[in-house]
Amino acid sequence: MEYQNKLVLAPMVRVGTLPFRLLAAQYGADITYGEEIIDHRLIKCERRVNEVIGSTDFVEKGTESVVFRTCPEEKNHVVFQVGTSDAVRALTAAQLVCKDIAAFDVNMGCPKSFSISGGMGAALLSKPDLIHDILTTLKRNLDIPVTCKIRLLKSPQDTVELARRIERTGVSALTVHGRKVADRPRDPAKWNEIADVVAALSIPVIANGDVFEYEDFQRIKVATGASSVMVARGALWNASIFSPNGKLPWEDVKREYLRKSILWDNDVKSTKQTLKEMIMHYSCLELPEGKAINKACNLADLA
């Protein structure tokens with residue numbers, strides 16, 4: 001796994017399932033992160049090969065609930081992101097999926113209450129010893145790259161200090177989201193503080209925050225000096241942001257996403273959520289299409 005000059009799809013809950021990752025890759029994403037999955041959920045799973053659709057599924061034991069679905073086509077560029085607060089649990093989860101993924105990432109930036117209340121996500125930012133324990137445990141026991149994603153801390157100095165400590169664990173790369181935990185998506189990302197981290201480290205840094213057009217990939221790279229660039233909302237609204245030839249009409253992207261969701265038998269709730277996010281950005285859920293998507297019970301209804 002290389003981390004130089006890569007365009008990266010960010011982990012997005014309920015969005016970053018297999019069809020959306022393949023969609024982003026089709027348009028030019030070099031590395032695609034899956035949605036964050038909590039270690040507790042994954043370690044209850046068993047690995048199954050789904051010969052009907054050609055996927056590899058991690059299914060909760062005793063149920064038919066697919067927690068993570070991947071396929072050989074994305075093996076060399078898919079990153080599994082885990083939510084964890086415990087080194088042993090994180091390793092148990094990683095050992096289950098490591099043969100089917102390109103890299104394993106620890107979420108240290110999610111500000112949502114469900115993550116923080118479990119000591120995961122952004123809660124880890126104030127626990128550098130636990131971060132060290134989790135990352136060194138993973139690094140010692142896995143043959144694939146281990147990475148993590150953080151947010152900015154209260155001061156640039158604090159962020160740099162934590163980033164240096166993370167680098168010493170031997171991780172292959174570090175993603176920095178240019179916002180603090182309390183910041184909202186509408187608050188501008190602080191590219192200058194990402195640049196401080198880049199200047200202090202020798203490992204690749206992936207810059208994340210306020211990338212909405214293809215041209216922004218180069219802008220944030222120049223502004224921060226980062227090795228690679230990650231995009232979340234810009235890709236959610238139109239996954240063809242990764243294409244150097246310019247964005248396709250969002251209606252075309254929406255149809256291609258739904259086509260892939262049907263091909264890969266994607267979860268209906270996940271598919272609806274992703275379509276609604278696209279529609280809300282460009283249109284309105286109160287129009288007939290939006291209302292019909294809200295009422296849809298299965299993928300055929302959505303089609």
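Just so it is clear, glycine is given a Cβ too, placed from its N, Cα and C backbone atoms.
Unlike curated entries, TrEMBL annotations are predicted automatically.
The domain 'DUS-like FMN-binding' feature in TrEMBL is assigned to 9-281. According to TrEMBL, the FMN binding site annotation covers Pro11, Met12, Val13, Gln81, Lys149, His177, Ala232, Arg233. Per TrEMBL, the feature active site, proton donor maps to Cys110.
Sequence features annotated in TrEMBL and their locations in the structure.
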| residue | record | Cβ within 10 Å |
| --- | --- | --- |
| Pro11 | FMN binding site | 26 |
| Met12 | FMN binding site | 21 |
| Val13 | FMN binding site | 16 |
| Gln81 | FMN binding site | 24 |
| Cys110 | active site, proton donor | 23 |
| Lys149 | FMN binding site | 25 |
| His177 | FMN binding site | 26 |
| Ala232 | FMN binding site | 21 |
| Arg233 | FMN binding site | 17 |
**Request:** Write down the Cα-Cα distance for Cys110 (active site, proton donor) and Ala232 (FMN binding site), rounded and given in Å.
**Result:** 13
**Message:** Quick check for the class: what is the C-alpha distance, in angstrom and rounded, between Lys149 (FMN binding site) and Cys110 (active site, proton donor)?
**Reply:** 9
**Request:** Quick one: pull the CA-CA distance for His177 (FMN binding site) versus Cys110 (active site, proton donor), whole Å only.
**Result:** 10
**Request:** Would you work out the biggest C-alpha to C-alpha distance among Pro11, Met12, Val13, Gln81, Lys149, His177, Ala232, Arg233, the residues that bind FMN according to the record, and give it in angstrom as a whole number?
**Result:** 17
**Fill in**
Whole-number Å distance separating the Cα atoms of Gln81 (FMN binding site) and Cys110 (active site, proton donor) is 11
